[in-house]
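Just below is one structure, and these are the notes that go with it.
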Ligand SMILES: [Zn+2]
């Protein structure tokens, strides 16, 4: 396979200008973006992306979930395309780079190939996956999930937002429901460039994260039942304090996650206390324990220990405890060949790099089920994301897109 020569670089200024131009569509209230999926602003962003792709000589495909596929042809009509991309939709108070960098970085790969007059054996397709964020229509990564066969299209169309509007209706309303069958495309490989959304790369002073795994997650909802009683007049020995039981269980959650350091994490972000009154000892608490690890056996161990330790705590305190698994996502191991292409690209270009595990879900996590897949990450300031203050430097963006360019073009095979 012919790799690009090491002096080849994308155009960092052009990439940055495109990021800034896209950010003008669906502005937020604090310098970021509110370009939520299937809003008018999403439609405008899609139209701008299509204009740019067509100007770069690409043809645009559109499937029934609104996923966009801009293709630069290859020289071999039999060769499956190399796909690259991410998402243009944002959180309601989102940043300018989460997702957008991966789509426009893919476009920059094609623009650079055009500049250099390089032909590839495999076509290259830049994808915008619909509704990655999942804020307006849960769940996240909805359309890449349908593409990978994780959800049915009917189920996805029936997702509704807070106002009761349905995904399928809103997709048609903004004019981006295509004809193409979802998931019919076959991929030679898929690459996604994304900002890290965490603090590790910046803290380690690395330009590039070579993403080897995606964290798996497990959600266990725990209900502890005691007895509501007056906080003043109930003697301490006579209390059945469900809130205290929860506090002790949460100490265990922390201990269990730390026992699998450094990659495992655990916390409860959702907590409901009943009756939630200042002068009533809580008679019932419901909370969800979120455990994550790139290793499935670690997740299973953490789940099992939560149940054993939780039961012991409840028994000792005269409380009742019940556990229900309410969600989960298996860890992702990205394709070794694609991961190596990314690592070699960073090496060839002279960028500092390290292996990293994605703590967040991404479209690439679903596509990995149907095609050889890997991700490139670049740092973001203070690890901040899903926030309008999300920031990256122009150099970080350019380095990420350079690595993407080299990995994609090597995989698509340069025709001499
Ligand atoms: Zn994203």
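Heads up, the Cβ atoms here are built off N, Cα and C, so glycines get one too.
On a predicted model such as this, the values are computed, not experimentally measured, just so you know.
Site annotation for Zn(2+) 1 in TrEMBL covers 98, 194, and the matching candidate from 87, 213 is 87. Cross-referencing 54, 133, 347, 416 against the Zn(2+) 2 binding annotation in TrEMBL, which names 98, 386, picks out 133. Of all the binding-site residues in the list 87, 98, 194, the shortest Cα-Cα distance to residue 386 (Zn(2+) 2 binding site) is found for 98. Residue pair residue 194 (Zn(2+) 1 binding site) / residue 133 (Zn(2+) 2 binding site) shows a Cα separation of 13 Å. Filtering 98, 133, 386 by Cβ distance to ligand 1 (under 6 A) retains the following binding-site residues: 98.
Listed in sequence order, the residues 90, 91, 94, 95, 99, 132, 135, 197, 385 complete the 8 Å Cβ shell around the Zn(2+) 2 site centroid, once 98, 133, 386 themselves are left out. On the backbone, the CA of residue 133 (Zn(2+) 2 binding site) and the CA of residue 98 (Zn(2+) 1 binding site) stand 10 Å apart. Ranked by how many other Cβ atoms sit within 10 Å of their Cβ, the binding-site residues 98, 133 place 133 at the bottom.
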